[in-house]
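> Here it is, the structure, as structure tokens.
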């Protein structure tokens, strides 16, 4: 049996024809190719694109990072590729000729939507009416939260220009140039926050861009200085000559009947989401460092056997951060000292972080590609096919890729936030954090220092709101426009909710990063204090235990090694505020070493010169006189930068993030003795993240990664 243009399937079943290898008419091949390479490399590319000073568009190659750059109203300028002018003009001319020839076309000679049975020969008037009736948004006072953020509006303007440049929409090139001039002059039309279902495109908000271009009296824009201006002043600031545009047939519909507002905001959201996903991976590795975790969880074989690329990459990135980490070397020594000091396996928030983050990265990456396709698509109706001389009536305005991608992205963001909260909760809990103080309290008196307790409560609040936002938008569709738009994507609504989720994840990331830096500093104090305690105890032991009253060597001198073991086993912050207190474990355990030696001393205990027990009081008295001062001196040395032992963080690949938070942003180690609050410090990090200042130190942590896991050996 043979198949035309194909081959019989391998099992030989009749009637089943498998297509032969050929071109990629369904676009699956291209979609697959777009996912090759590492996620980190893709993020690096995005960052490089974001920083380019010129965004040149021709309709088919716009990137989400470029949208984010223009939306931010920074240095990026927009330029229209002249190669698009001819095809844009051709479609515009076709519409005019079509109407003059009496061709009946939707939105040119007909009414709109469910009322498309109506007819008119007044093409220009029809477009003006379209813009008028779509100006149905509400702004309130303009300061009460009913206005779409300027960044989202700028993103929408850029995306709409790009999609119209492909020449299938019937609009003049000059209108697109005018919108680009508004962008470059940082003049932003005021669009309503709500009012679109992103089904026949984002009709209502886009109509306000059209209203400004056509000089409607109710059109308002925000000038570069933040003041509100009318259409005439907006044109003057932007340097647009020739007055307002009188819309020709189809031009109003071309401007409003597209998905640019939803996909524009989605682009800015995904630029942030991709970077925050990388940050979550690195913070998970730093969490392992300060928790004295076991890096075995990143071993490549574990993840290779699971097959999921997001998981494999997340593990490889964490593995890279932890490879050679001074904290991991120290944690290994602690484990060898006493394997029973902590559980055999770390808890899920650490040990399964690659398995948890991997699928979220895959979702965010897939959503990024989907939105990138959308912002380069022709998404209005009808489409003008000049080559075949016809108007195609379809539904590319349906923004389902936006609604679905944003719902999925928001769920992924919620999952990342949940992991971050679980890690934070372990970090501040002294039952789980392997020796750090409760609430990461950094002061000398834990009764007057509750550290990050308030921050943990805030994190619970953030996480709860984020989990609520994780619920889908797209299952709340209502039939609209006289049941013509009976299914609709809710793309912009979903994008807005995802934008909210991004803001919350930034709050959580800022809080967690400050807490991790606090933990790094506490580990530094811990190591210096422990060293000081060992030195002090050894000095006291040599003074009080080495000899008897006659100067002969005493059997108690053999306690020194066991005393050091007990110091190593005991958490510094379990006793540091009052080391000689009998309510704390250190003195009890040191005494117990001497008591055990005394019990093993047999009959020699009955001789005053050989009794170990007789040495206990002298040993403890000397410790009370010297140990508190030794601990205070060690803490003070860390605080004034003269610590005997340097911080291990400087020997770690995660150091650039710590340096960024502590040195560049000037955040401080928090204690109850000082007036500075956690909120004041984490707000510095939040502002920096909002400004994108965290990107370079984050990528610096990974600059040596070659894109592969460590070899299995």
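Cβ coordinates come from backbone N, Cα and C, glycine included.
Since the structure is predicted, the reported quantities are computational estimates derived from the model, not experimental observations.
According to Swiss-Prot, the protein carries these features:
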- 106: active site, proton donor/acceptor (ACT_SITE)
- 200: 2,3-didehydroalanine (Ser) (MOD_RES)
- 257, 345, 351, 381, 453, 481, 484: (E)-cinnamate binding site (BINDING)
> Could you give the Cα-Cα distance between residue 200 (2,3-didehydroalanine (Ser)) and residue 257 ((E)-cinnamate binding site), in whole Å?
6
> About how far apart, in whole Å, are the alpha carbons (Cα) of residue 381 ((E)-cinnamate binding site) and residue 106 (active site, proton donor/acceptor)?
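Here the two Cα atoms lie 8 Å apart.
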> Using residue 106 (active site, proton donor/acceptor) as the reference point, find which of the binding-site residues 345, 351, 453 has the shortest Cα-to-Cα distance to it.
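Closest recorded candidate to residue 106 (active site, proton donor/acceptor) by Cα: 351.
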> In the structure shown, with every protein chain counted, which of the binding-site residues 345, 381 has the densest set of Cβ atoms within 10 angstroms of its Cβ?
381
> In DSSP terms, helix, strand or coil for residue 351 ((E)-cinnamate binding site)?
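Note: residue 351 ((E)-cinnamate binding site) is helical by DSSP.
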